[in-house]
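S.K.: One structure, pasted below without further comment.
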C-alpha cells in the first residue's frame, strides 16, 4: 500500500483474526470435547494452550469413539491444523502412543496436521514416577492426596518454574548438551527422592528417536500464531483442558491442576494478545461433578448423586475413577464467568436429569445464615458454606431425541432460562446425548 500523506506510517487498525475459546466452567469433564468437535469441523487451526495428557476428551464420529489426551480433539478434522502451544507440557511417549492408538481406529495422517511449539516443556517418565511418589507422600503425611492423574504434569510445571526444565527446542538442539542437562535434572530429582531409579542412557536413546519423529512438526509457535492471526481470514479455535475450578490460581487450591485453565492461559500458552480473543464459550453440565477430593458444596451423597453417577456414566476418561455428583451450582458458574467473561454457554447432559421428580439448583452460599457475594478462597470456609437452592419440578420426559429448542418440554426450557438469567450469559447449546447431532443450537 502507498504511504499516506505527510509520509506518516499507516496506522494499522485491523486487529487481525480472533480466536474462539472453549473452556470448562466447573471441575472438568463438562463435555468440552463435544463443543470443540462441533466447532472444529469449521476451524482452520485448533490449539491446545495448557495442561498435558492429564486431560481426557472423548469424541464420537461416525460411530467411532476417539480418546484424546494431548492431541487437540480437532485433529479429527483433516482440513485443519492442530497446534500444541508453548503452555502445554508434552510427554512424548504419551503423544506418539495416543496418535498411533487413534490411527488404528481410523485417524489418518495426524502427524502431517500437527504443529508443536518449540517453547513447550517436556514431561519425562521420571516426572510421572515422581508424581506418584509425591501422591504417596501426601497420603502418608496428610492422610489425603490431591488425586492427580499421575501423568507427571505437576512435576513438569515445577521443573519449568524452577528453571531446570527442558523444552522441545532443547531436545532438537545439540543432543550432547541436552543429555548433560537431562542427567542433571535426573540428579536433581534423585537427591529429593532417593528411591527414584532412572536409566538415563536408555531414556536418552528413546528421546533421540522421538526427537527425529517430532522434528518435522516443530515450529516457532509465537511466529506461527502471529502469521495466522494477521494473514487471510481464518477460524482459529482454542480448546481448554481441565476447568475454572481446577485453575492453579482460581481453583479450589490445593485440589487443583498446575496450570491456568482460565482465559488468561490462552494468551500466555500460545503467545497471543488479549485483543485477538473473540468468543469465549463456557461449558457446563446441567448438574455438577468432581473427581478426586476437595470441597464440593452441592454434592449429593445420596440416591440423587448415585442416579446422576450411573445415568451419566460419570467415570473419568483419563483415570477411570468414579466422579462425585451433585446439583448444578450457579455460584461456581458465576465465579467462572467473572474470571473468563463468557460470551455464551454450552449446557451439556441435560438428558441425564430426565427421570428426576424434582431438580435443584444452587443459587447462593450462606455462612452463618448470611449470603456471601463471592466464592471463598479458603477451603475450610468452602467446606462450611450452606447452599441455598431453587427447586424445579422435573419434566419426566425423554429429551434425548430433541434436536431443537421447541422439542424440549416446557419445564426443561424453564430450567434452561433460569440458569441463563441467573448467570447473565446466553446458553448457545444444550446437549442431550453423546453424538454430534445431540447438541441443540439455540442461536
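Each Cβ is built from the backbone N, Cα and C atoms, and glycine gets one as well.
Annotations for this protein, taken from TrEMBL, read as follows:
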BINDING   28-34, 56-58, 323, 349-351, 431-433  GTP binding site
BINDING   29, 56  Mg(2+) binding site
BINDING   29, 30, 31, 32, 54, 55, 56, 57, 149, 163, 242, 257, 321  IMP binding site
ACT_SITE  29  active site, proton acceptor
ACT_SITE  57  active site, proton donor
ACT_SITE  160  active site
BINDING   317, 318, 319, 320, 321, 322, 323  substrate binding site
S.K.: Return the member of 29, 57, 321, 323 nearest to residue 432 (GTP binding site) in space, with distance defined Cα to Cα and candidates limited to these recorded positions.
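M.R.: For residue 432 (GTP binding site), the closest Cα among 29, 57, 321, 323 is found at 29.
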S.K.: Check the recorded positions 160, 320, 323, 432 for other C-beta atoms within 10 angstroms of each C-beta and report the one with the most.
M.R.: 432
S.K.: Consider the binding-site residues 29, 31, 58, 242, 350 and say which one has the Cα lying nearest the Cα of residue 323 (substrate binding site).
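M.R.: Looking at Cα distances from residue 323 (substrate binding site), the smallest one goes to 29.
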S.K.: Based on Cα coordinates, which of the following binding-site residues are within 10 Å of residue 28 (GTP binding site): 54, 242, 320, 321?
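M.R.: Cα filter at 10 Å returns 242.
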S.K.: For the C-alpha pair, I'd like the distance in angstrom between residue 58 (GTP binding site) and residue 29 (Mg(2+) binding site), rounded off.
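M.R.: Cα to Cα, residue 58 (GTP binding site) and residue 29 (Mg(2+) binding site) are separated by 10 Å.
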S.K.: I'd like the number of other C-beta atoms within 10 A of the C-beta of residue 56 (Mg(2+) binding site), please.
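M.R.: Result for residue 56 (Mg(2+) binding site): 18 neighbouring Cβ atoms inside 10 Å.
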S.K.: Just give me the nearest neighbour of residue 242 (IMP binding site) among the recorded positions 160, 320, 350, Cα to Cα.
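M.R.: Ranked by Cα distance from residue 242 (IMP binding site), first place goes to 320.
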S.K.: Residue 31 (GTP binding site) to residue 322 (substrate binding site): how many Å between their Cα atoms?
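M.R.: Given the Cα positions, residue 31 (GTP binding site) is 16 Å from residue 322 (substrate binding site).
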S.K.: How many Å separate the Cα atoms of residue 321 (IMP binding site) and residue 34 (GTP binding site)?
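M.R.: About 21 Å separates the two Cα atoms.
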